[in-house]
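*Asks:* Take a look at this one; I'll ask things after.
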Amino acid sequence: MAERKVLNKYYPPDFDPAKIPRRRMPKNQQIKVRMMLPMSIRCSTCGNYIYKGTKFNSRKEDVIGETYLGIQIFRFYFKCTKCSAEITMKTDPQNSDYVVESGAARNFEPWRAEDEVGEEEQRKREAEEMGDAMKSLENRTLDSKREMDILSALDEMKSMKSRHAHVSVDSMLEALQRSAPVQQEEEDKLEEEDEALIKSIFQGSREFVRRIDDDELDDNDDDTITKEHEASLGDEDESGGSSSGRIVLKSSTVKFSVVKKSSEAKTQQINEEEEKSRKSNGLESLCQQYDSSDEDD
């Protein structure tokens, strides 16, 4: 068992390799190989889609009479995974790709269309420059201009990158802190201007009359109100007017009036007078009763 794993085998001294018979292989013999599908295709027989990377067993052969710059072109035969119809494709060394010959159709690939358009433009340009020296000079001028623009853009990007490389997080925070007070001052200034504008619109030359409730009058200082009331009464007596107990305060922008209730002394005096009148009325009624009883007797 160990002899089959050895690397060096025994050759007898009378061994002659020329006496070994050679097998004659056909020139275009097919070889079985296992490979992966290099592109996505659609079977023409059943319409099944076979995607790129699908593994299958295939037969490979040389394409007789077709080469590209001395490179041999190969053909592959394989079967559809659903209907087992035979599909053939061959290599394309010119474009480093594969070409489907029969049995299927290749799916649309947008990048291949772009490449084809570029190749078509290149062929068209070469055909134009073939007999026209001025056209070739113009094309070369445009190419050099385009290259200069690209180089200038690259230099600008490099300079921008170098500027950004020297900027650190600490420096950015310091710059923000320096700019913050200036922005705050500008915002405060704008707010003040807005408030002044609003005041000028809504508080121009209009006068407002404010009415004071009785509760507010009761909470005020009694001495101050009584002094103002006495002063107003004195002014009215001198002028010959009637005192109504109303204090009118005027200013250039605000006008309001204060009406003073009767003082507590007045109310006490009125109550005493009412009680005296009641008592006198009671005495008079008693006297009348006594007089009427004497007359009856």
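Note: Cβ is positioned from N, Cα and C throughout, glycine not excepted.
TrEMBL annotations: computationally assigned, not manually curated.
Found this in TrEMBL, in case it helps:
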BINDING   CYS43, CYS46, CYS80, CYS83  Zn(2+) binding site
COMPBIAS  184-195  compositional bias 'Acidic residues'
COMPBIAS  214-223  compositional bias 'Acidic residues'
COMPBIAS  280-291  compositional bias 'Polar residues'
REGION    177-196  region 'Disordered'
REGION    209-247  region 'Disordered'
REGION    260-297  region 'Disordered'
*Asks:* What other residues of the same chain, not counting CYS43, CYS46, CYS80, CYS83, have a CB atom within 8 A of the CB centroid of the Zn(2+) site?
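*Replies:* Along the chain, the qualifying residues are SER44, THR45, GLY47, ASN48, THR81, LYS82, SER84, ALA85.
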*Asks:* Taking the Cβ of CYS43 (Zn(2+) binding site) as centre, how many other Cβ atoms lie within 10 Å?
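*Replies:* Within a 10 Å radius of the Cβ of CYS43 (Zn(2+) binding site) lie 20 other Cβ atoms.
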*Asks:* Inside 10 Å of the Cβ of CYS83 (Zn(2+) binding site), count up the other Cβ atoms and send me the figure.
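*Replies:* The Cβ of CYS83 (Zn(2+) binding site) has 11 Cβ neighbours within 10 Å.
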*Asks:* Whose Cβ, among the binding-site residues CYS46, CYS80, has more other Cβ atoms within 10 Å than any of the rest?
*Replies:* CYS80
*Asks:* Go ahead and report the DSSP secondary structure tallies for the compositional bias 'Acidic residues' (184-195): helix first, then strand, then coil.
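*Replies:* Grouping H, G, I as helix and E, B as strand yields 12 helix, 0 strand, 0 coil.
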